[in-house]
């Protein structure tokens, strides 16, 4: 297979991976009608961790990690556990489409702010412009002019904001692990430890009841666990290695678009003008922050 053919295949896989991430917001909304969030989070992590084992074997990546690598994995597991809990609660209460716009847009913006404050990362005027656009875009999506405590909690938006913050912290943690642990190995341990965290809650919540659920539940569960957490994450990792982080990060723009489309098609959610306008501004901010001038 020629280099151009391999790159074309990888690009198609990246598009499919981003669409899978976008679909996960609708998956979560549907799953929220079947079981409590803690039960869904546990099974999502367990299925993802088990599926990561053959992936590690196939790509010849080690399962073992150092003590320092384990500490980073533990910290990552705490962040992604909180993220997933907020992810399921937020989609259950609010709009899957809005969540699929807020989190992918706000995560890199918050991660950038964290890197500047904590790691003293250099920044440019373009970064400041991106940050400004991101804050405006996020405010429009959240409809800050309608803000009240009741509105922000009942709409689920507060959970999406907190989820963005958790994922931003996870991004900062994972950025420091490259010299300690391979990326896919880090993913396995984060998923496995997160499943361990939620196991006691599942015992108390009749978690085995999922095995009596219908086929609709299982389709959405397999997509949100194996599809989004294993397939999409693995493809994005190798896409970043093969194409470079700048090119690979451009595909992230597919996530909010597909999240909105799936929420409209499968959930009959309306597309608010504030979501469209704010989403465009926020993703423009992500582009400015992620794509540095050469």
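A Cβ is built for glycine as well, from the same backbone N, Cα and C atoms used for every other residue.
TrEMBL assigns the feature transmembrane segment to residues 273-290, out of the candidate ranges 3-20, 273-290.
The recorded stretches the transmembrane segment (186-211) and the transmembrane segment (128-145) do not share 3+ CB pairs below 8 A when only pairs 6 or more apart in sequence are counted, and are therefore not in contact.
Across all of the domain 'EamA' (11-141), the predicted model scores a mean pLDDT of 89. When Cβ distances are compared across the two stretches, the transmembrane segment (273-290) makes contact with the transmembrane segment (96-119), since 3 or more pairs at least 6 residues apart fall below 8 angstroms. Secondary structure of the domain 'EamA' (155-290) per DSSP (helix as H, G, I; strand as E, B; remaining residues coil): 116 helix, 0 strand, 20 coil.
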